[in-house]
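A.B. asks: I have a structure here, written as structure tokens, and I will follow up with some questions on it.
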Amino acid sequence: LCCCEYVDRRGRRSHLAACCCDCQELDEGCDRWLACKSLPPGALESIADTIADRLRVPWFSGAVKINVSLVPPLVLLPVLLHVAALHFLLGLLVLTSLPVVLLWYYYLTHRRKERTLFFLSLGLFSLGYMYYVFLQEVVPRGHVQHSQVVALTCGLILMLAALTRAKKDPGYLPIPTGNEKPSHQGLPNRNVRGSSSGLHGAASSRAVNGEAKGYSRVAADEPEGVKKDWCTKCQLVRPARAGHCRLCGRCVRRLDHHCVWINSCVGEQNHQAFILALSFFMLTSVYGITLTLHTICRGRTPFVALFYCPGAYSDYSSALSFTCVWYCAIVTAGMGYILLIQLLNISYNVTEREARLALRDNTGRRLLGGLVIDTGQYNRGFLCNWGHFLSLGSSPPQRSAEDIV
């Protein structure tokens, strides 16, 4: 293949120059639209799949397909922020509508159980664009020292390094190959309860593994009361606290949740890196917001300047910087809430998945006004809980009978 050729989803060789040619789905849709006829069921999905398959860029070994969800943040974020900088009311409208749109898109993809790179693209591009605005609009004013720019840059690099580590294997359980038959031998003929991790009790097999129907079952040839944590999707027996992610399609050790911001699960192997990335982001973002407000709102504390900054819209440069500060403040508040919940869950040695299932089955108790759900299964005290978290992934997983739910 040359750099402009590719093999389409139907296995045929095609060229970028023919992106608008031979598109039967699109031609039929246009014909029905001109004739004022409704499209048949599934026509829009077929047209969208065709367009997504032909959206490519030239590359050495053939044209590379572009994920459509990557494009909107790259285009819309700069446009919306520049529009918001034109007037105070426009800024209020844009900055209040952005969280609503993001929440709507999140619930839409979550309901459809779809993986998307939209949030990861938005997060990374927001970091890059905020850093660019800081260097272009704030630093030239002369109120920011070089050491402060270096400190902000180092914080950004450390956050990206932690994010890269968090994107790696969260602790996927190996899927048995075709010649390996899943075995139930060696499991005790009794109702085994997790000794040090998980949300298990009289209805634990139903509670923990019931995220989707068919994820837990009792073998037909076993006596009643013998329950095994058997994943019918991955065809394996899971250790305690492991769970199946329906978005990734894999079972993960000590599954906490699937994070859309990193487009990956948070589990035993990357939970520490995830907390580290959130912490570096909070410190770097707050530091950048403080430096910017000290520059464009001289003589006021950052908190006061965030709500009252006369002259912020006197020139376009100050207005753009102030708009970006508010955008960063909204994102930082959201990430701060996520970090707070994570730290509280770690302090009580409970995962977000276990807390959600405990709420569903009414097996946990609310603490701190409902911010944390204590399942009572693995809480060994503040210090022991944090020691357990800091030791995650430091030793090879055990496959003893006590680890089987």
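Placed from the backbone N, Cα and C atoms, the Cβ positions cover glycine too.
TrEMBL lists these features:
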| type | residues | note |
| --- | --- | --- |
| COMPBIAS | 194-207 | compositional bias 'Low complexity' |
| DOMAIN | 227-355 | domain 'Palmitoyltransferase DHHC' |
| REGION | 174-208 | region 'Disordered' |
| TRANSMEM | 79-105 | transmembrane segment |
| TRANSMEM | 117-134 | transmembrane segment |
| TRANSMEM | 146-163 | transmembrane segment |
| TRANSMEM | 273-296 | transmembrane segment |
| TRANSMEM | 316-340 | transmembrane segment |
A.B. asks: Using a Cβ cut-off under 8 Å, which residues of the same chain at least 6 positions beyond either end of the transmembrane segment (316-340) come close to it?
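C.D. replies: Same-chain residues near the transmembrane segment (316-340) but 6 or more away: 81-82, 84-86, 91, 95, 98-99, 126, 130, 133-134, 137-138, 275, 278-279, 281-282, 285-286, 288-289, 292-293, 295-296, 306, 309, 371.
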A.B. asks: Mind pulling out the one from 79-105, 117-134, 273-296 with the most Cβ pairs under 8 angstroms to the transmembrane segment (146-163)?
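C.D. replies: Answer, by Cβ pair count: 273-296.
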A.B. asks: Which sequence positions outside the transmembrane segment (117-134), separated from its termini by at least 6 residues, show Cβ-Cβ distances below 8 Å to it?
C.D. replies: 67, 69-70, 72-74, 77-78, 81, 102, 105-106, 109, 152-153, 156, 159-160, 260-263, 288, 291-292, 320-321, 324, 327-328, 331
A.B. asks: Mind checking which residues of the chain, 6+ beyond the ends of the transmembrane segment (79-105), have their Cβ under 8 Å from one of its Cβ atoms?
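C.D. replies: Contacts with the transmembrane segment (79-105): 118-119, 122, 129, 313, 316, 319-320, 322-324, 326-327, 330, 334.
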